[in-house]
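Engineer: Take this structure, written in structure tokens, and hold onto it; I'll ask about it next.
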Amino acid sequence: MNTQILILAISAFLCVRADKICLGHHAVSNGIKVDTLTEKGIEVVNATETVEQKNIPKICSKGKQTIDLGQCGLLGTTIGPPQCDQFLEFSANLIIERREGDDICYPGKFDNEETLRKILRKSGGIKKENMGFTYTGVRTNGETSACRRSRSSFYAEMKWLLSNTDNGVFPQMTKSYKNTKREPALIIWGIHHSGSTAEQTRLYGSGNKLITVWSSKYQQSFAPNPGPRPQINGQSGRIDFYWLMLDPNDTVTFSFNGAFIAPDRASFLRGKSLGIQSDAQLDNNCEGECYHIGGTIISNLPFQNINSRAIGKCPRYVKQKSLMLATGMKNVPENSTHKQLTHHMRKKRGLFGAIAGFIENGWEGLIDGWYGYRHQNAQGEGTAADYKSTQSAINQITGKLNRLIEKTNQQFELIDNEFNEIEKQIGNVINWTRDSIIEVWSYNAEFLVAVENQHTIDLTDSEMNKLYEKVRRQLRENAEEDGNGCFEIFHQCDNDCMASIRNNTYDHKKYRKEAIQNRIQIDAVKLSSGYKDIILWFSFGASCFLFLAIAMVLAFICIKNGNMRCTICI
């Protein structure tokens, strides 16, 4: 009887259990670790870096209309010191300021200079228009050794107005200019602070001096402040420059009686450009859209860790040096331990090892797809990729990097820290704000990447489960799940049959009769095995009862013959 059961079991396993199909996914020996919302250091098959760290130490200017100001400061192009003579009018979409550049020749400063610098950096160049001012009763040829060309001279775009004679009376004057253009006009004027009261009297006559400037949106009065100051460029006097943007059809009026540096031409901005302060060398052989003091950032990544003050079409600056974006599924590498386990399970259960939960059969040999099948049948073993599920996952993952870029990229403008004393508080606020923005975006970047990584892993898990469900619905009662990502098929399934399962063309009705018969045989094996266990337990109980009965009979005979005595004490 037992021999018949054993033969039936062997026959069932040889005929039925020999055919099996399993589902798995691509794996690599060394994956890449990424962070998700719920876990850090999850290993995935593929990932891409989102933080750019490579810098090009040159200003890439190919395809751009570039102007290198050299020794000329950007603000100097509006007033015309000697070093800026060739840049009084220009057109550019990339403006390079150098550290050696200077805005002035006679010592002084611009009021609100950083705002003006910001405007000019975006300007695309400057064109000029004569304001048409004429003067009588004064000299218009004031000059200084601080602004030398071939000899002493002055700012090319300004007029230094002086009394006709030393210590002579400077008449009260009023001059107006109307902007007839369609774009705003940049108007710049200066106030001269003499090195002493005596010098001011010599240049402009005696008495208090007052300059008043007004338009529809601006009104300000200025009084010069003569007095000794440290000499710069051989001068103890100072010229402070002021400016306004005059709207179309608006008029600016100047009223003055000395110490006035008059504008000669109005400036008009040409278009749009990028301006950068850098001493990096220009390179016409490379293209760039993002610049900083150290060169060019050329990258399609959403973030960068090179310079927090880069300008142009730049990746967002973040503090992290690396943020890996998952572009593949969770990796289950076939390491040595896994291979030993697989070898052990092959001995115990065939071709495929055990898994738990999500189908984590990682196959390093599956190189032409993300998801696939392994099978064994009478014709041997085989592996094949499933292109449809692979493409479905890839389609949903493709574009993740582009979506991150869309969320983060914007045109950045540079605000420098070259603030005068009055502007230092504003500068501190700007610096604090910039640092706060970096902190926020560093957190946002980490969060965005973690969200995308979580979605990618969940997505690839979902595609794996969809594939598993597709196979399960096809096989129905013709196969049994083993709980390890595999199906044991209850009929002979050759390579064509396996291919039909993979292609979703499997006809379960065709094999239903054979599968039911084989399933009944397997159930019979299980049932016979159950009866065998009952018989074993019954035999054990009967043996115990027989042993106890024999022992009692022997004891009774011994007591009867007097060979054994039983004494009961109370």
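Cβ atoms are placed via backbone N, Cα and C, with glycine included.
According to Swiss-Prot, the N-linked glycosylation site annotation covers N46, N249, N335, N431, N503, on the basis of sequence analysis. Summarising the annotation, Swiss-Prot assigns S-palmitoyl cysteine to C566, C569 and lists sequence analysis as the type of evidence. As annotated by Swiss-Prot, signal peptide applies to 1-18, with the evidence given as sequence analysis. Swiss-Prot lists 19-533 with the feature topological domain 'Extracellular', giving sequence analysis as the kind of evidence. Taken from Swiss-Prot, the feature topological domain 'Cytoplasmic' applies to 555-570, supported by sequence analysis. The transmembrane segment feature in Swiss-Prot is assigned to 534-554; the stated evidence is sequence analysis.
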Engineer: Given the glycosylation sites N46, N503, which one has the fewest other C-beta atoms within 10 angstroms of its C-beta?
Structural biologist: N503
Engineer: Near N249 (N-linked glycosylation site), how many other Cβ atoms are within 10 Å of its Cβ?
Structural biologist: 11
Engineer: What Cα-Cα separation, expressed in whole Å, is found between N46 (N-linked glycosylation site) and N249 (N-linked glycosylation site)?
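Structural biologist: Each residue's Cα considered, N46 (N-linked glycosylation site) and N249 (N-linked glycosylation site) end up 62 Å apart.
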Engineer: Rounded to the nearest Å, what's the C-alpha distance separating N249 (N-linked glycosylation site) and N503 (N-linked glycosylation site)? Just drop the number here, would you?
Structural biologist: 75
Engineer: Looking only at the topological domain 'Cytoplasmic' (555-570), what is the mean pLDDT?
Structural biologist: 63
